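Worksheet: the structure to be examined is printed underneath.
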Amino acid sequence: MKIDVRQVHHPEAVRAFDTEALRRNFLVEDLFEEARIRLTYSHVERFIIGGAVPLMAPLALGSDKATIGSPHFLDRRELGVFNIGGPGAVTADGATFPLGHRDAAYVAMGTTEVVFSSDDPANPARFYLLSTPAHARYETKVVKVADAKQMPLGDQATANKRTIFQMIHPDVVKSCQLVMGMTQLAEGNIWNTMPCHVHDRRSEVYLYFDLADDARVIHLMGQPDETRHIVVADGQAVISPPWSIHSGCGTRAYTFIWGMGGDNIDYTDMDMVPMAELR
Ligand SMILES: O=C[C@H](O)[C@@H](O)CC(=O)C(=O)O
Ligand SMILES: [Zn+2]
């Protein structure tokens, strides 16, 4: 198994990046390939960002000497799994956890075998994976989208009416540093996370999905006074370093999975950026 590696950058260096360099360093494309697990290792927060699309044969999550360096993927890590495809299951050390469309699972540190499967290869599961280093073993648990902590946000007038589903969150499941959930925009709404924020003590990854083939999200990144954009298609993820805003405007409504790691697990700990400071 080969893992694509992404380095970290000083924000002053990123100011000089052209479109191609921004995409090569911060956008994760081709996450979901049939019958494969694809992984990207980012030195930002040591996130591992992945996709698994099992067909007939289940797919086992292996480790990698060059990046992880432990015999098993989760020896010193925890894992969030979100199913954005058809019904499937994640099996952790022999215990099978069924995951329907948009359900999630938290997989505990110390799990030696993690296997992904689809119920029907004609309508395969699409598992989005986000992993961070961990220091303690908590409980592997399914979080059904119906059991998420829901938070309505935004307004139709500002085209940002949306629902936040907090799923891997201290109020729902215990984790070391991983905090994850999903944000669904209401029909006719296009903006996420605007007004925007930063949180220097935490990094974040956004995985955009539920976009038509010809729909795009114009994702905004960069320091608040040095913003850049990345044009994102369905099933692609953007890495947001601690110094970067993370916000987006779609050509129509979409859904995204956000995941954070870092110095605290307080979802509300954000430094709001005043509109007048954006450049
Ligand atoms: O730190 C929190 C994250 O950036 C997201 O949860 C924000 C988000 O989903 C939204 O405003 O739509
Ligand atoms: Zn954030």
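Heads up, the Cβ atoms here are built off N, Cα and C, so glycines get one too.
Since the structure is predicted, the reported quantities are computational estimates derived from the model, not experimental observations.
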> Pick from HIS135, HIS169, HIS229, HIS246: which one does TrEMBL list with HIS197, HIS199, GLU204 for the same Zn(2+) site?
Replying inline: HIS246
> When neighbour density is defined as the number of other C-beta atoms within 10 angstroms of a residue's C-beta, which of the binding-site residues HIS197, HIS199, HIS246 has the lowest density?
Replying inline: HIS197
> Taking the center of the Cβ atoms of HIS197, HIS199, GLU204, HIS246 at the recorded Zn(2+) site, which other residues in this chain have a Cβ no more than 8 Å from that point?
Replying inline: THR193, CYS196, VAL198, ARG202, SER240, SER244, ILE245, MET260, MET270
>> Given a separation of at least six residues and a C-beta threshold under 8 Å, show me what packs close to GLU204 (Zn(2+) binding site) in the same chain.
In response: SER240, HIS246, TRP258, GLY259, MET260
